[in-house]
Each structure stands twice: as C-alpha cells, then as structure tokens.
C-alpha cells in the first residue's frame, strides 16, 4: 500500500512538472514580446474611432500589427526556444504562410508552427552534422533554412492555416457562448489555484490572450484579459495578512501589497496562500465575485495587461472603461479580504499551532537555503574559492523570467555591492532559458527540477519567496568567508 501511495505521489509530481513545463513554454513565446502587445494595445486604445484620440491615419497601424507583426514575433520566439536564432528564422517563415492563409490573427498558429519550424531545422542540422564538405558550410546552412522555411510556409498556407483558423474560430465561439451563458465567473475555480502552482503566465498568455484578441476584433475589448491579470484577490490576501497575520508574514505583507498591486508581480502573494492552503477559498471567492462584476458591468481591456499591475490594467482599458474595471478589482479584493480575514482569525483562535507551523516553514526557508547552497551540488567545497574564481554568473529564475526573479536579482546585487564583491554577474531568466554556464541558480521550490534540467552543473538554491532576505543573508555569509 505504501508503494502505491509513493508511486501515485511521484506520478502527480511528474504530471505537475510536465504541465508547468508546457505552460512555461507557451508563456515563453509570449512574454518576451509583451512590449509589442502593449504597443499595439496603446495604439488601439488611442487612435481607433472609439479611442481617446481618434485618428484615421494612425489607426491604420492597428490591423497590420495584429495580423502580421504579433503572430510573426510569436512564431519567431517559438522557433528560437527550440533552436536559437536559426530555429526562430525558420519558425517566422513558416508562420508567414499561416498568416496569409487565414483571415484572422494567427496567434495560435504561431504557437504551433513556430516551434515546429525550429524543431525541423534542428533535426536537419543534426542529421547532416559532420557531413558537409569543408568550405560549403555557409551555403548549406543558408539554403537549408531557406528551403525548409519555404516548404513549411507553403504547407502552412495550404493545409495547416485553414485548420488552425477553424480551431481558433471555434474556440472564440465557445468563449463567447460561455460569456453569454454567464458561466465565465466559474473559471476562477480553476484559474486561482492554477496561479498558485505558477501556471499564471501559461494561462494568461497561452489561453486567455488568444481568446481575448479574437474577441477584441468583434467587440473592441475583452474580459478575458482581466481573468488572470486581476490583482484584486491577491490584494485581499495580503491586506488580511497585514491586519490579522503574525510574525514575518504580517511584517512583510504591507511591502508585498505595493509590489503586487502597483508592480503587478502576483507571485509575491503565492507563498502566503501556500502557508495556509485554506486561503485558496478566499482567492477563489474573490475571483468569482470579481469576474461576475466584470461580466455584469461589461468590463474589458483592449490588450493583455502584463504585468498584472493596476497601472497596466488601467492603461489597457478602453475609453470610458476604467470604472467597470476598478469596480471588479475592488469587489475581488473586498471578498478575498473578508474570507481570508475569517480564516486567519479563526485559525488564531482555534489553533495557534497552525500559524506556528507556517512560521516554522518560513524559518525552514533560512535553514534550507543555507543547506541548499552547500548540499544541492557538491561543487561548493570551499567558499573562499567560489568568491575568487568559481562564481562568475548567478541566475535568478522564475516561470517567465521577468517578474519575481528580477526582484531577487536586484536584492542580491545590492548585497554583493555592500559586501564589495565584484566580478560576479547577477541576471534573471526564465527557468527554461537558464544559461548553461550559470554557477548558482536561485529558483522557487516547485520549479527546481526544471532549473536542474536547464543548468545541470549549477548549484541550485531553492527559495519560497524572492523577497525573503534571510536566504540571501545566508548565501552572503558563505561567500564572504
């Protein structure tokens, strides 16, 4: 019976990692191009007929950007994830065939054919490795990319494009039906727990963004851009901890409120929920009520808001659409706060041990980080050697490589500067894009396996909260010796 239980746990853990890996791959195609999406969203919000500054001439930018530029960028990034720049070029060529072969924006198509283009050229290069006559390398490399890219573009135009266009239209119809039937708020039952498992970027950019862009074509805005980006439920959790929490959780919550609500880094509140899993009820309740408010008030954004900051959300709101958006965010925050407050106050009265366990978890983070830096990989044999010669690159990695990891990078850079330690580069990356030459990698606990796969020779330091300075203090003590 014990063996069965263990194998089941391993199976669940493996499935979770696979889902996270797939989600990370999807978001990895979109996140580096978020600036382009924001540019398109701003131009749309400003210059279309119903925009803030209607301009028939400048509004001509809207359609080419959404039909050509954005899908091409996704296709290029998808190919690049599989096989660097060469894969990106073939992925972009293949995506172009799909764009021309369909009358709707091919975001889903770019996510499919871009990585496929990268995969095809990668396999081709491997097949002809060490078989090219000396002096013909450039000729073969250039023509192979051109020929394979052209072939994939034709296949995409003739066969794949129409199929994906049909699938995209079908998904759009399903999304519209769900909205019309009033079932959209129930999506929070899936979305909010999935966010806590670090699938937030995959959900937002892999699922909701394509659906949202499809809806924008018809309605000029979409509620799908708000479902994951809404900071309300997380804000309620942090406010409840600020008033009714204890110890380090209470002390750190007010600072986390600013980072979450204004900075848009939602990962900051995940550890607070993980400390008390019952708080999932609070974020789910807040999410349902917020989504219901969005639907009733016909709220929506013109493009994806990333990061999920209230500033970005308001910037992506259509003209006259700010109040419905703010109302939904406020309702989500209030409901989440009320439910979380009841849970926190109830747990204090009924069992102090529960909260003490949560505090012990926070203390364990410090011990764990100290042990992790010495035990995760046996490369850390002599701390003095690491300072003088071994550590050249420290990487902070999160799912998307743009939010919480950047905060950790900033904190450690200051620690190194204060300690007068030079010559160590500190950078942040997506967990699936960690450079092989990384010496030390700081990563969230449930992404550690993906980090080891990306950088097998690095020392992995697991961390629950990138704002927890105790981890960095322990690390600094070791490299100062």
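Cβ from N, Cα, C; glycine included.
Note that this is a predicted model, so its numbers are computed, not measured.
Going by Swiss-Prot, these are the annotated features:
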type	residues	note
TOPO_DOM	1-33	topological domain 'Cytoplasmic'
TRANSMEM	34-55	transmembrane segment
TOPO_DOM	56-59	topological domain 'Extracellular'
TRANSMEM	60-80	transmembrane segment
TOPO_DOM	81-143	topological domain 'Cytoplasmic'
TRANSMEM	144-165	transmembrane segment
TOPO_DOM	166-174	topological domain 'Extracellular'
TRANSMEM	175-195	transmembrane segment
TOPO_DOM	196-282	topological domain 'Cytoplasmic'
TRANSMEM	283-302	transmembrane segment
TOPO_DOM	303-322	topological domain 'Extracellular'
TRANSMEM	323-344	transmembrane segment
TOPO_DOM	345-481	topological domain 'Cytoplasmic'
REGION	354-381	region 'Disordered'
MOD_RES	398	phosphocysteine
If we skip the immediate neighbours and take only residues 6+ beyond the ends of the topological domain 'Extracellular' (56-59), which ones have a Cβ under 8 Å from one of its Cβ atoms? 43, 46-49
Leading stretch by Cβ pairs under 8 Å, where the reference is the transmembrane segment (34-55) and the options are 144-165, 175-195, 283-302: 283-302
Positions on the same chain near the topological domain 'Extracellular' (303-322), where near means CB under 8 A and six or more residues out: 31, 34, 37-38, 40-42, 44-45, 50-52, 204-205, 208-209, 212-213, 216, 220-221, 225-226, 228-231, 261-266, 329, 402-403
Sequence-distant residues near the topological domain 'Extracellular' (166-174) by C-beta distance (under 8 Å, 6 or more away from its ends) are 102, 104, 106-109, 210-211, 214-215
